[in-house]
Amino acid sequence: MALIMETPVDALIKDEHETPKWKKSTVVFVLGGPGSGKGTQCANLVKHFSYTHFSAGDLLRAEIKSGSQFGAMIQSMIVDGRIVPSEITVKLLCKAMEESGDDKFLIDGFPRNEENRIVFENVAKIEPAFVLFFDCPEDELERRIMSRNQGREDDNIETIKKRFKVFVESTLPIISYYESKGKLRKINAAKPSEEVFEAVKVLFAS
Ligand code: UDP
Ligand code: MG
């Protein structure tokens with residue numbers, strides 16, 4: 001059941017008289033290389049704070065499973081470690097936020113490049129409150145991905161190398177952009193998960 005073309009998001013955006021709840025929401029972007037612990041730490045955060053977590057990668061994988069007309073294209077891009085066209089990812093994110101009925105979101109694994117960032121800003125008209133960055137060296141990330149087994153088609157050494165390259169070339173500039181705006185909160189993610197969470201918690205408690 002692929003709803004991407006029937007999403008009510010477009011209609012909502014055009015409505016100038018009523019602002020839906022999610023359009024006034026607090027958004028925190030969660031970035032970091034593949035295997036840096038974004039999903040793990042977001043799962044920890046929602047247990048302690050009233051945020052709703054959406055992983056852009058998980059939404060894309062769900063879209064493939066739903067039998068979407070874009071499924072084959074999304075799948076081939078993920079297997080190749082490439083970034084899916086922003087229009088698709090942004091629609092999925094806006095639809096998920098709208099349907100949740102909530103107004104505080106952790107968005108993990110997005111924006112991955114400048115196009116992602118600009119399309120989200122233009123469509124959702126939301127600027128992140130801040131951006132969490134899980135900083136971790138590449139050899140540690142590679143070790144973690146190769147030792148986890150989530151049955152993901154992109155967790156093989158060939159795709160991992162491509163994902164690292166895309167991260168350095170496309171996502172690091174976004175991280176620098178938010179740093180220049182004073183919005184970056186950098187966390188040392190090369191430590192045990194519990195220790196990383198202690199550092200993360202502090203940012204949300206204030
Ligand atoms: N992806 C994408 N746009 C996004 C998020 C994910 O195109 O906004 C694709 C991309 O191909 C990426 C893959 O989905 O390599 C897996 O992303 P995810 O965040 O799940 O994995 P991570 O790289 O954090 O391990
Ligand atoms: Mg993830």
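Using the three backbone atoms N, Cα and C, a Cβ is placed for every residue, glycine included.
Remember, TrEMBL labels are computer predictions, not curated facts.
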Subject >> TrEMBL annotation, ATP site containing Gly35, Ser36, Gly37, Lys38, Gly39, Thr40, Lys191 - matching residue among Arg82, Arg148, Arg152 >> reply: Arg148
Subject >> ribonucleoside 5'-phosphate binding, same site as Arg61, Arg82, Ile83, Val84, Gly109, Phe110, Pro111, Arg112, Arg152 - TrEMBL member from Arg143, Arg163 >> reply: Arg163
Original post:
Gly37, Thr40, Ile83, Gly109, Arg148, Lys191: which of these binding-site residues put a Cβ within less than 6 Å of any ligand 1 atom?
Top reply: Ile83, Gly109
Subject >> Cβ-Cβ distance under 8 Å to Thr40 (ATP binding site), same chain, at least six residues away >> reply: Ser193
Original post:
Which of the binding-site residues Gly35, Gly37, Lys38, Asn116 has its Cα nearest to the Cα of Arg152 (ribonucleoside 5'-phosphate binding site)?
Top reply: Gly35
**OP:** Check the binding-site residues Gly39, Pro111, Arg148 for any whose Cβ is under 6 angstroms from an atom of ligand 2, and report them in sequence order.
**Re:** Gly39
**OP:** Calculate the distance in Å between the alpha carbons (Cα) of Pro111 (ribonucleoside 5'-phosphate binding site) and Gly39 (ATP binding site), and round it to a whole number.
**Re:** 15
